[in-house]
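I have placed the structure first, in the form of structure tokens, so that the comments after it can refer back to it.
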Amino acid sequence: PCSLPMLPILAGLVVGSGASPRRGFALASSYVVCMALVYAALGVLAALLGGNLAALLQTPWILGSFAALFVILALPMFGFFELQLPTFLRDRLDNVSRQQSGGSLVGAGILGALSGLLVGPCMTAPLAGALLYIAQSGNALHGGLILFAMGIGIGIPLLLLVTVGNRFLPKPGTWMNVLKGIFGFLFLGTAVLMIRPVVGESLWLGLWGALALVMAYCGWTLAREYGLAAKVFGAGSLVLGLWGALLVVGAAGGSDDLWQPLKVYSGSKVGAAPSAHDAFMTINDPAVLQSQLDSAKAQGQWVLVDYYADWCVSCKIMEKQVFGQPQVMDALKDVRLLRLDVTADNAASRELLGRYKVPGPPSFVWIGPDGEERRAQRITGEVDAAAFLQRWTQTRDAR
């Protein structure tokens, strides 16, 4: 639905140039690729800025503000209000776009780039939400590719218009509102993901449960408006509603497991092994780190340096799913475990990050008994228990 407002522009200024079908397809391709490149540039810029400011953006009030903004971005998807560029800016860009020639590849490309900026009320919220998400990821390549793919996806109906004609394209209708509703719930889900470092795990689980219940209600209501699809919508909504209810009940009991929310009521203390947090020595002072490394070298002991931050969601996942596994902690029983806490944005955290030049948490550095890093076996990013154990085995057995 977001690409439909662009169809008259392309039809009038590109296809309407009187070119042959092959030439028209080339013009439309130039239009779509340039539009996608504009989105890709925005994605790269957002990621670069987000990466440089990552530590500053991880404070609770910033994360809370981003989550609130995603909630606001979701509201237009449910029809509460329209979110669009200011009228004066939209009109000015529209006037410039109408002055471009539709008969040349360059003109079509310029028109496509301008169309990337002429974001209608349907596209503004998804684009803004994507930019906010990419800014927090800090991955320029990933951000650029995501928005480039989004731009290509928006342009596919435009290419269909040139090749098969607009009679085969779907017309605006109820399906557009359904799709906008899906976008709205995706935004709400992103808000819940962003707020995770700020709220407790049980509350976070409860938020997912509440969101699932609302989605189930909307799906059940929508099912009554369709014939053959009613059973599919109804069954899916029932399953989603049951899962949401289980999450809420589990969260009320203090559960933090998204897939086994009722495990807290089982009565058995699964994972009663020593806490992984207690097994690590937490360090936020470079001098203490150096002292521990010197001590381990003198004793001929392996060292695992774990970069951690309170705002790092992957760190918390690995704390539970990797270091919470008895087989992992048993394999590391003779290893000195040092956790470098870089939660705060200060000189000490920057020095700790710069010690081994890691991009950020979670990162794991292996230091051998000789005091030298085994750089080839370094772990960056989230891995599961099996991959972690495999990497430790390779590190230990390497010569």
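The backbone N, Cα and C atoms fix where each Cβ goes, glycine too.
Among the features that TrEMBL reports, transmembrane segment is placed at 25-49 (among others).
Among the features that TrEMBL reports, transmembrane segment is placed at 61-81 (among others).
Summarising the annotation, TrEMBL assigns transmembrane segment to 102-135 (among others).
Annotation comment: TrEMBL describes 141-165 (among others) as transmembrane segment.
TrEMBL lists 177-196 (among others) with the feature transmembrane segment.
Annotated transmembrane segment per TrEMBL: 202-220 (among others), in sequence order.
What TrEMBL lists as transmembrane segment is 232-253 (among others). Distant neighbours of the transmembrane segment (232-253): 202-203, 205-206, 208-213, 215-220, 222-223, 226, 261-265; these residues of the same chain sit at least 6 beyond its ends, with a Cβ under 8 Å from one of its Cβ atoms.
Across the range of the domain 'Thioredoxin' (274-397), the DSSP-based residue counts are 57 helix, 23 strand, 44 coil. If you look up TrEMBL, you'll see 274-397 marked as domain 'Thioredoxin'.
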Cβ under 8 Å, sequence separation of at least 6 from the ends of the transmembrane segment (202-220): give me the contacting residues as numbers and ranges.
181, 185, 188-189, 192, 195-196, 233-234, 236-238, 240-241, 243-252, 254-258, 261
If you average per-residue pLDDT over the domain 'Thioredoxin' (274-397), what number do you get?
90
